[in-house]
Each structure stands twice: as structure tokens, then as C-alpha cells.
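Colleague: Quick one: this structure, given as C-alpha cells, is what I'll be asking you about.
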């Protein structure tokens, strides 16, 4: 008859043998796993996404292996051996995520600093006042016709500047007493323009009003009336009598096309004053 003591004595050697075999197998499995980790560590370190995927897969395998070993005699020795590796694995995962987070923050911060120190693109300079840089077809009769009254006066000022007149200034407004544009020629003479963008020819009465203020009020040496649609015959006759210079539609077209104002008006500019 076999007693309980006999069973205990017979069972104990079997458990010790299983424990020794389990320890050896666990040690061998640990060496193989450690070799794989060492071989792939250098490659994985340079590839963050692959490293994260590998760590996740390894974690899943170890968790599954841990659950399986709990049901066998090999469980306790394998768990004792894998406990340090599990700690290293968790530390590695934490270090990798910390490194990835730090790298991402540094990249974003670096880009923000680069943009902050990047020189601003120069804005386009405002259009220069000097109109002589404009193209000839900017001063066609069509352009004069579609211009507003203030723009019509400004175009005349720009043409004076193109022709070399100095101190050009548009002064046309309510109460201007007949002067819309002021300028000075190469001899220092005062040039006064009245600009009429009328739909009909300018009458004699309008020319007479300009004659009353051009010289006495504005000190004009060269008084000029510019009319988009010309002058009536009485207005032209009065201007000739009072030595007023008229720029009608035909003369305005030539002036806008590039002719000097004094050439258009047949005013002698001297031998050294060519257009």
C-alpha cells in the first residue's frame, strides 16, 4: 500500500526535475530573445515608426506568452527570467515616446522660430507720382473721355511733368478761382492750366472768367485752357485777343501721344529745349 508520504516522496523529485528543466529552457529562450533585441536595436532606433510597431508587437507576444506560461510548470521560472526584460521593455517604450515627443516639439519650435526670423517680403512700392514713366496709350482721347474730372486734371499734370515742367501741382477744387494745375517751365515762368472736361465745347463766358483770374490772381505767364471737346468760335476768338493758349481735342490728342506742350501750342522753347 502506498501512503500519502510515499506519494509525496515520489512526486517531489518529478517537480524538481520539471523545475530544473524549466529554468534551463527559460534561460535559453531569454538568450535567444536578447540576441534578437540586440541585433535589431540599432536599426529600430533610426526608424521611429518601425520601432513603435515592433515594441507593440513584442509586448503583445510577451503578454500572450505570459498568460500561457501561467498554466504550465514552466511559468514561475520563465516569469522570473522575463521580469527584468519586461522592465527594460517598459522603460524602452517610455524612452522612445519621450524621445519622439521631444523631437516633435523641437521641430515645431524650430519652424516657428524660422518663420519668426524670416524677413518679410517687401511690399510693392506705391505707384510713383512721376507720370512720365507711363505708356503713351495711357493718355489717349478714350482715356481722357473715361476719366473723372479730378483724374482728367491729374492726367494734365502728369503730362506737364513728363514734358519737364517742375513744381507741378493739381489745385483744382471748389473755389480754385479758375486754376486747376500749376507748374513752372524751364525759364521759371508760371504755367496755369484750367482743365475743362465738358461734354460740349467750352463757351466764351468760361474763357473770359479764366482770363479774369489767370494773370491777376495766379500770376500766370503762360495761361492755358484744356478742353476735351474743344471751344466755340467766340471762345477761340476771345482767347486769341487776350493771348490765352487753348488746347482743343485735336491738340490734346497730340499732347497725350507724346508731343511737348509748347510744341503743340507753337511756343518757342529755345534751341536747347528739345522734346
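Each residue, glycine too, has its Cβ placed from N, Cα and C.
The transmembrane segment annotation in TrEMBL covers 25-45, 51-69. Summarising the annotation, TrEMBL assigns domain 'Restriction endonuclease type IV Mrr' to 147-255.
Are these features on the surface or tucked inside, and what touches them?
Modeller: Mean pLDDT across the domain 'Restriction endonuclease type IV Mrr' (147-255) comes to 94 in this model.
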Colleague: Across the domain 'Restriction endonuclease type IV Mrr' (147-255), what are the DSSP residue counts per state (helix, strand, coil)?
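Modeller: For the domain 'Restriction endonuclease type IV Mrr' (147-255), the helix, strand and coil counts are 41 helix, 27 strand, 41 coil.
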